[in-house]
Structures are given as C-alpha cells and as structure tokens.
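The feature domain 'tRNA(Ile)-lysidine/2-thiocytidine synthase N-terminal' is assigned by TrEMBL to 29-198. Per TrEMBL, the feature ATP binding site maps to 34, 35, 36, 37, 38, 39. Annotated domain 'tRNA(Ile)-lysidine synthase substrate-binding' per TrEMBL: 242-297, in sequence order.
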Ligand SMILES: Nc1ncnc2c1ncn2[C@@H]1O[C@H](COP(=O)(O)OP(=O)(O)OP(=O)(O)O)[C@@H](O)[C@H]1O
C-alpha cells in the first residue's frame, strides 16, 4: 500500500492494537475467518499489527460442510489470506443437530476455534451486527442481557470491530485488494436478521435520521456497563436460597441472584421467562412451588427456602 495511510485502515489497526494490548510478544492469536468482508478485513489489519508487535497470528477458516461448494469458499479465503502474507488453514467440522442448523453450526465453529489452543480468538462482528443484535433482543423482550449485545472481550473471544461499520470492512478489503464472499443467508428474507439489515435499519435511518446503528451500539455498551455492576452486587448476596433475603432485594439484583443460583445448579440456556418464573416462586408462590428449567434442573420452594435439584428423567 503506497502513499498516505487510508484513514479507515488506520482506524481498523488502532482497534486491533487496542484489543491486543494486554498480550505479550509470544501470544498466539487466531482469527476466525468466514471469507466475508468483515473477517477478511480483520485478518488484513491484524496481520499488520501482529507483525509489528511480534505476535504469532494465524487465520482459521471453519468449513461447516453444510452447503455444496463450502470447501471451495474456504480455499478461496485461504488463498487470499496467503496473498497478504497471513498463515491460514481450513478446519472441517461435523455439525450436529442440536439447537437448529444455525445454532449447531455456531457451536461447531466456536468449538473448533476454541480448540486451536490460542491465547485469543478474534471475531469480526461489526457495529452493524451489534445494532441488529440489540434490536433482535428488544423485539424478543429478552431483557438487558441480550440488549447488552456482544462483549468486546469475553475470555478467549475478542471482537475488535464492534466499533467499526460493516461498510468500512468492505472498504478495508478493497484497499488490500481482497475479494470477499457474500453469504447467501445474509440476504435470505427467511432470517429475521437479514430483514432487519435489508428493510428495518434503512427505514429506521430514514425516520430517525442517521446514526441509528451507532446509537443502538452505544445503548448496548451502556446497558452492559450497568449490568456488570448489578452482576457484581448479585454475586455478593450471601444467602441466595433464603426467600426473605431474596424478597428484600431490588428485582434487578434478585433476578441475577436467581439466575446465578440456577446456573450453579446446572441449569442451561436460561431465558428471561425462566428467571421471572423463578422470581414468582419468591414473591408470589401461591399455587406454584416448583419450576422446571432447561438442563434437567428444577427449583422448589419449601416454606422460606428455595432449593435447586436435578430433575429425575421420566422413562
Ligand atoms: N466459517 C467460519 N470460519 C471461521 N470463522 C468464522 C466463520 N464464520 C464466522 N466466523 C467468525 O465469526 C464472526 C461472526 O460470524 P457470523 O456473523 O456469521 O456469526 P453469527 O451467526 O453472528 O454467530 P455468532 O455471533 O454467534 O458467532 C465472523 O466475523 C468471523 O470472525
């Protein structure tokens, strides 16, 4: 790249630098690359940053083997990455049947990326993805946990591009001469997210003015920060099974205490509805003493005590 540094590329590099600044020189970084514009752009800027910081970086393209031609899409991505000097490989996964095709593919993909043994795995979710996630969460009424959207840093997973627009990732690809793959799912109206992207966001921009995506992403960040404080308060509650202690708590803290207690007992995939059912056991338990939760766990109220137990499997 000759001449002055492109300002969008500079922003992308700064975001990646910031996302990696706690890692030492020997750290191993994996970038999850689908072949789409977002992850190819992330790979391009990360290759530059990692080179300067002497970080060991590799791109991994997961082939879910679900669609004809998926191997070719993965190979094209690997070739493009090789063209910008980034080591890249394809990992083939067998996608199971649990949680619908999208969910099962995600589980297999994250499993493969997590199994690389990297110190950090970078994902290329953008500000637009975040805005759509917030809208989907609002529409489902699934509470602050989903309105808080995706976190920029969550253990192994890092999302440096949460502050970058999707269009900017396409620009970065063009600057680097990278040709991206367009996932046909992204324009398939059968998916809610596709219709949000194609129909709802442009309409919102039209009605509310520009900057709606940024505003939604900012909202996610604010809700996330508030949520962290409430989570910390909930983690400090000493007697999470004592109904009188629970009833005296503000509902925002109590719902988190109940959620944590249920998760600790082995419950999984808890929704806001499950948590409000648990809350009713505490505050309004006439007629209902027991709540079944996913993960084979049940919550039972007996007198002034709430207990969680494995639910026996019926045969
Ligand atoms: N086939 C793949 N191989 C490697 N990484 C991938 C692949 N698909 C997606 N990723 C990574 O995950 C990021 C998010 O992808 P995508 O938006 O398709 O996922 P999603 O459906 O939103 O799922 P989730 O957000 O739960 O990971 C991409 O930017 C990329 O970094």
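Note that Cβ sites are derived from N, Cα and C of the backbone, with glycine treated the same way.
Feature map: annotations from TrEMBL on the structure.
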residue	record	Cβ within 10 Å
34	ATP binding site	20
35	ATP binding site	23
36	ATP binding site	21
37	ATP binding site	24
38	ATP binding site	24
39	ATP binding site	27
Near ligand 1 by the Cβ criterion (under 6 Å), the binding-site residues from 34, 35, 37 are 34
Averaging pLDDT over all residues of the domain 'tRNA(Ile)-lysidine/2-thiocytidine synthase N-terminal' (29-198) gives 94
Across the domain 'tRNA(Ile)-lysidine synthase substrate-binding' (242-297), DSSP labelling yields 31 helix, 6 strand, 19 coil
Three-class DSSP assignment, residue 34 (ATP binding site), comes back as coil
Those same-chain residues, other than 34, 35, 36, 37, 38, 39, found with Cβ within 8 Å of the centroid of the ATP-site Cβ atoms are 33, 40, 41, 77, 124, 169, 180, 181, 183
Three-class DSSP assignment, residue 39 (ATP binding site), comes back as helix
